């Protein structure tokens, strides 16, 4: 008899997700699965889904921060599609990235052409200067 049956065997370490290893909130494993299933390439490297998840997380955080600011400017505590639209269209780079995207229930940016505004007369200008 060897007597090894009662000794504590090797306990398996707690599983650590690739998202937590990379310090991300977005699911690296799911992104990897979608890259494999999407027929983008025959093979997918180990770093590609981590990088893509990080980029998606950064863009999401950027849009949500700007939308939160837009909601706060409108004295609201909940972000609605209108706030997302205002956030994206008022940011030059995000507007370029999402130029062809329609946000449902987003509305349009308030804009009045300068030629449609009433002309300032001389009497109004002199009254303001006094």
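Residue 1 is the first one shown; counting continues down the chain.
Cβ atoms are placed via backbone N, Cα and C, with glycine included.
Marked as region 'Disordered' by Swiss-Prot: 1-22. Per Swiss-Prot, the feature phosphoserine maps to 2. According to Swiss-Prot, the feature N-acetylserine maps to 2. The N6-acetyllysine annotation in Swiss-Prot covers 6 and is backed by similarity to another entry. According to Swiss-Prot, the N6-(2-hydroxyisobutyryl)lysine annotation covers 6, 75, 76, 96, 119 (among others), on the basis of similarity to another entry. Annotated compositional bias 'Basic residues' per Swiss-Prot: 7-19, in sequence order. Per Swiss-Prot, the feature N6-succinyllysine maps to 10, 96. Summarising the annotation, Swiss-Prot assigns ubiquitin cross-link to 14, 16, 120 and lists similarity to another entry as the type of evidence. The N6-glutaryllysine annotation in Swiss-Prot covers 96 (among others). Marked as N5-methylglutamine by Swiss-Prot on the basis of similarity to another entry: 105.
Distribution of Swiss-Prot features across the structure.
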| residue | record | Cβ contacts under 8 Å, 6 or more apart |
| --- | --- | --- |
| 10 | N6-succinyllysine | none |
| 14 | ubiquitin cross-link | none |
| 16 | ubiquitin cross-link | none |
| 75 | N6-(2-hydroxyisobutyryl)lysine | none |
| 76 | N6-(2-hydroxyisobutyryl)lysine | 83 |
| 96 | N6-glutaryllysine | none |
| 105 | N5-methylglutamine | 80, 81, 82 |
| 119 | N6-(2-hydroxyisobutyryl)lysine | none |
| 120 | ubiquitin cross-link | none |
